[in-house]
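Sequence annotations record features per position, and here Swiss-Prot assigns ATP binding site to Gly648, Pro649, Asn650, Gly651, Ala652, Gly653, Lys654, Thr655 based on sequence analysis. Summarising the annotation, Swiss-Prot assigns domain 'ABC transporter' to 610-847. Annotated transmembrane segment per Swiss-Prot: 34-54, 336-356, 389-409, 418-438, 451-471, 525-545, in sequence order, evidence recorded as sequence analysis.
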Amino acid sequence: MAKPVAASFLTQANALFKKNLTYQKRNIWSNVRLIVIPLYLCVVLVCIQAVFDSLVNNSVDNQCGCRCADDDKNGDGKCEIKSCGLQYSSQNQAVFCAFPNPPPLLPLLHIPPSVNRDSCQRTGSCPVTILVTGNNQSLGTTLSENLLSTSFTVNSSSDLFLRNLAYNVLSTTSETDYTNYRDPGIYSDLPIFNIQPQCTPATILSLSFRQPPLEFHKEVRCVQGLNLWRNNSLEVNDEIFKGFRKENHEEIINEVAAAYDLLNTDRNKFNVTIWYYTTYKGDLQDWRVKYVRVPRSVNMVSNAYLQFLRGPGTKILFDFVKEMPKQETRLRMDMASLIGPIFFTWVILLLFPVILTSLVYEKQQRLRIIMKMHGLGDAPYWMISYAYFLAISTLYIVCLMIFGSAIGLKFFRFNDYTIQFMFYFLYINLQISIAFLVSSAFSKAVTASVVAYIYVFGSGLLGAFLFQFLIESLSFPRRWIFVMELYPGFSLYRGLYEFSQYAFQRNLNGRDGMKWKDFRGSAMDEVFTIIIVEWVVALVATYYIDRVSSSSKDTFAFLKNPFKLSPTPQMLSFQKERSDVSVEMEKLDVIQEKETVKQLIFERSKNHGIVCDNLKKVYQGRDGNPPKLAVCGLSLAVPSGECFGMLGPNGAGKTSFINMMTGLVKPSSGSAFVQGLDICKDMDKVYISMGVCPQHDLLWETLTGKEHLLFYGRLKNLKGHDLNQAVEESLKSVNLFHGGVADIPAGKYSGGMKRRLSVAISLIGSPKVVYMDEPSTGLDPASRINLWTVIKRAKKHAAIILTTHSMEEAEFLCDRLGIFVDGRLQCIGNPKELKGRYGGSYVLTITTSPEHEKDVETLVQEVSSNARKIYHIAGTQKFEFPKEEVRISEVFQAVENAKRNFTVFAWGFADTTLEDVFIKVAKTGL
């Protein structure tokens, strides 16, 4: 027959694609449930929003205050007419009221409360400090004297009430709010302070003024302003920083009211720097900040400079500050924007456990390795698997965006859809790559699933309660934010956080959501860069690890080699001892097989499908245990057309040998060739001409028997009519064709049917080398005989290595047998040779009553004095006779004579069986 031709990349990819497509069609509802998960979660978010609206957004405290204007109730206690306005509102409610004509407010300066002024604590006098520095101390002193007014007189009934107040420097200890519709300095019970160079008791006044619809009565107290010169700005910075209540390490709080650096100001130019406390803006840095009372500081120093230039009569009066008109509003808190980062982090990361578990499941069930053994290359596997997960993930993300927008989530609707899609698309690629990368670290799907879900929920929680706090912290270094974003969960969270902030701003104040023009101004450019780089790195790392694991090398061998230690004395001694023992104990037939192997290697013969030369496998000892020598110097040559049977007790090394030959593990030493190809260097080429029937059936439960064979047939480069014919013949040969059995999912097959399908898979495409591990396990006698016939027919054009515990199967199928004990080949030959070599005796089995056991022993001794008892229980005895000492007729005659003296219930006389040979060799080799 022609040499098998390797399937091309496209052929392999097509085979896997069709198999996966069929598999996914059978699991369509699982895929649908996965894709519509975003819909369920978006509905949950809508429900949360509805609950929040009813409890918070629609609360009386979060809307303009009202009172009932209808005295005539309808008896149901409901108010028909309400009157709402500022006069009925609390401080919290006022911000929601309509302000068609916002009232003018006093431009107050913020001064520290008395508890934050060190002089109040030490001396009892409480001046407020104003710091001044600059290049010209003389000019600075002059301007300092012009900062404050020296008297306070005002007529509250005058039409120019605010203008009269503007001649004074009024201040308050109250911080501002997020708007200027109601200034806490005026609307609170706190007094207003007039800052003067000197205070007298007469400077304490009371004022009454109206800001429709409200009227205020405020007490105006005098507070001394202490102007202090400092040599440079460093001293000012140091004094402000150390005196602030939150940062002083000397426990001396001395905050200042204002601070100026006049720099190079002179009569020809006015150049000044003004200090103020940014802390009063609030904790959030991006979307909402409080006002700070800087305008009055600017006006003070400007007036001081004008008076320096033009005299004391020249001033720019700062009459009032005023907000823009606004309509009545209500609290608008969009939950999708508030909890969007953590919520959608969980939503998107939910794909990660699905991908990782799927990959690990294929590895755990050894589905990938069985595909590889039948010719599927790594590149087609990764490409098709990646494409499938990318398609599912993309559908998932698109559905998330569509569902979220359809039900009105502002998180999606307010931000540019192209930016969102690009971000999600890049991240799901990174997520798939990371799943491929970390799948190599797991061997069980359950463990992988648990770890993946910990990663999912842990990333969301850490992002919300740690990472977001650090993002919003003004003091946390930005470079460490970048380092934290290298963790994929945080890079996802940061991108979602940016979307939520832009959506929140749009909902709060009407500014645009995120657009491409905002890309560089936000953190998205940084996040995109991190995701793209990590995606590439993850793909490269995955490729490296997969190549290393495919060649059975240590993943981190390149790190260990420089420090690799020489074999330990224990290891060397162990190997030498075992080698010496094996040389002494090797039989002539085993030695002859070694000579044959050496001759074949020397001649570079390709007539033998399998050639193994001194193949060894040593497993390193653990926990102080010595190394385990699983296969000890095996030499074997199996020509095409031969079925070689491997017999041996459990743990003899048969499985280790098969694993080496199929590429699951790498030999510790020695070499092996399949069709002239070295299994250590050319395993990918070996797979082209190889078929494997594993001990445990490796099948897809939802694929039919026919679909299994179509897939593996395509991997063997069968196409069109040849493929269909090969599949049909394979199904017929193992009795899985008639009655529609071929179109039944393999999950519904019986154990025997699955076994027959596994054999058919191993033989499809006429492989040149086939490994079968107990192929007839679980079959009924009729099916077993039929399967043996199929295997016997297949060996005409292939070299087959078969392991079995059935002596009948070994005798029927195998041209030669090898018995393994303790990692060594004890004997080799065809069944008749082995029985002749290790048999040499007959076995008499006879059953009588227990009281006649001695009579039976006497009878046996009369026939052969060298006979020995090998079995005895409850009247049944077995005796072994040397063939050269007895004749069969003598035994028959002796038993017939014995029947006249006592009752013989049953008896039998047999030649040595293969099982007897196996037991004898196994006992001898142990």
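Yeah, the Cβs are placed from backbone N, Cα and C, and that goes for glycine too.
Feature annotations (Swiss-Prot) mapped to structure.
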residue : record           : contacts (Cβ under 8 Å, 6+ apart)
Gly648  : ATP binding site : Lys654, Ile819, Phe820, Val821, Ala922
Pro649  : ATP binding site : Val821, Ala922
Asn650  : ATP binding site : none
Gly651  : ATP binding site : none
Ala652  : ATP binding site : Phe820, Val821, Asp822, Gly823
Gly653  : ATP binding site : Lys617, Ala630, Val631, Cys632, Leu634, Phe820, Asp822, Gly823, Arg824
Thr655  : ATP binding site : Gln695, Asp773, Thr803
Inset, instruction - Go through the chain and flag residues at least 6 beyond the ends of the transmembrane segment (451-471) whose CB is under 8 A from any CB in it; none is fine as an answer. - result: 341-343, 345-346, 349-350, 352-353, 356-357, 442, 480-481, 484, 487-490, 492-494, 497
Inset, instruction - List the other residues in this chain whose Cβ sits within 8 Å of the Cβ centroid of the ATP site residues Gly648, Pro649, Asn650, Gly651, Ala652, Gly653, Lys654, Thr655, in sequence order. - result: Phe820
Legend entry - Range from 34-54, 336-356, 389-409, 525-545 with most C-beta pairs under 8 A to the transmembrane segment (418-438): 525-545
Inset, instruction - Compute the average pLDDT of the predicted model within the domain 'ABC transporter' (610-847). - result: 89
Inset, instruction - Mind checking which residues of the chain, 6+ beyond the ends of the transmembrane segment (525-545), have their Cβ under 8 Å from one of its Cβ atoms? - result: 382, 422-423, 426-427, 429-430, 433-434, 436-437, 440, 482, 485-486, 488, 491, 494-495, 498, 519, 555
Inset, instruction - Would you mind pulling the DSSP three-state label for Lys654 (ATP binding site)? - result: helix
Inset, instruction - Could you find out if DSSP has Pro649 (ATP binding site) as helix, strand or coil? - result: coil
